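Take a look at the structure set out below.
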Amino acid sequence: MASTNNVTELIITGLFQDPEVQRVCFVLFLPVYLTTVVGNGLIVVTVSVSKSLHSPMYFFLGYLSLVEITYSSTIVPKFITDLLVKVKTISLKGCLAQIFFSHFFGVTEILLLMVMAYDRYVAICKPLHYMNIISRQLCHMLVAGSWLGGFIHSIIQVIITIPLPFCGPNVMDHYFCDLQPLFKLACKDTFVEGVVVLANSGLISVFSLVILVTSYIVILFNLRNRSAEGRCKALSTCASHITVVILFFGPAIFIYMRPSSTFTVDKLVAVFYTVITPMLNPIIYTLRNAEVKVAMRKLWARKENS
């Protein structure tokens, strides 16, 4: 295999071929990425320093925002800089590293969303036992478990990819490194590897979504006997979370549960969950959450007075 594995650098086709369109994309996506980093970073700082946001819900939110920054930073900076160059290249090792970290942070986010759903379930369905069940120790264990789950998932993806021989074409039809586009360049049949990816990525997304939907159905069922005011208050704490779940899982399932193709729509959907969704999360959580907005104002006022 070593003699046939002679490809060390890959050429990425990018999102669009027209240089003018690429420059327009650069102007559009650079502010989006900066907003992602600043917005999610502000949530991380606010949750860390604000005494009013020390409940488990905001503890998980802080880590979710941290994952959004790292996930976006794995893909978007190179994507943006590639918009300004004619030939977009990445080393094979760099491509594998991007696959590892994008899947690592992506699955960590999925598991954190499930943890946050469990937190909302206990808060709404078992409010009297909430502090006993969602203890600080359990919070740290759930976050650590999310990171560990993402790491195990990503290691599996890389382990099945490293042995593949790459001896011929080196042009990848995508704007970042992902498994299916890379498999197309391998000098062997990758059906088995594709099935493993389907099981390891697509089914994780589907099963996680089913668990999340089920948890919210249970929450709605438990709210049926509450007053209208109590129902609205309880649902308001879940609305932001449900919105983020839909925005994240919709595109991910579309990409990983379908046969691979070269259609431009696949790239555009990937742009949505790699570039747009990480920017929307802090906007969704701050606009719909009065406590976060108040804490941010206090943090800003403290900075101005110092």
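Cβ from N, Cα, C; glycine included.
TrEMBL lists 39-285 with the feature domain 'G-protein coupled receptors family 1 profile'.
Residues or ranges marked as transmembrane segment in TrEMBL: 26-45 (among others).
Annotation source TrEMBL lists transmembrane segment at 57-76 (among others).
TrEMBL lists 96-118 (among others) with the feature transmembrane segment.
What TrEMBL records for 138-162 (among others) is transmembrane segment.
Among the features that TrEMBL reports, transmembrane segment is placed at 203-223 (among others).
Here TrEMBL flags 235-256 (among others) as transmembrane segment.
Annotation comment: TrEMBL describes 268-287 (among others) as transmembrane segment.
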Contact set, same chain, for the transmembrane segment (57-76): CB under 8 Å, 6 or more residues outside the stretch: 29, 33, 36-37, 40-41, 43-44, 47-48, 98, 101-102, 105-106, 108-109, 112-113, 115-116, 119-120, 123, 139, 142-143, 146, 176, 237, 274-275, 278-279, 281-282, 285, 291-292
Stretch with greatest number of CB pairs under 8 Å, the transmembrane segment (268-287) reference, 26-45, 96-118, 138-162, 203-223 candidates: 26-45
Long-range Cβ neighbours of the transmembrane segment (26-45) (under 8 Å; 6 or more residues past either end): 61-62, 65-66, 68-69, 72-73, 76-77, 79-80, 83-84, 275-276, 278-279, 281-283, 285-286, 292, 296, 299
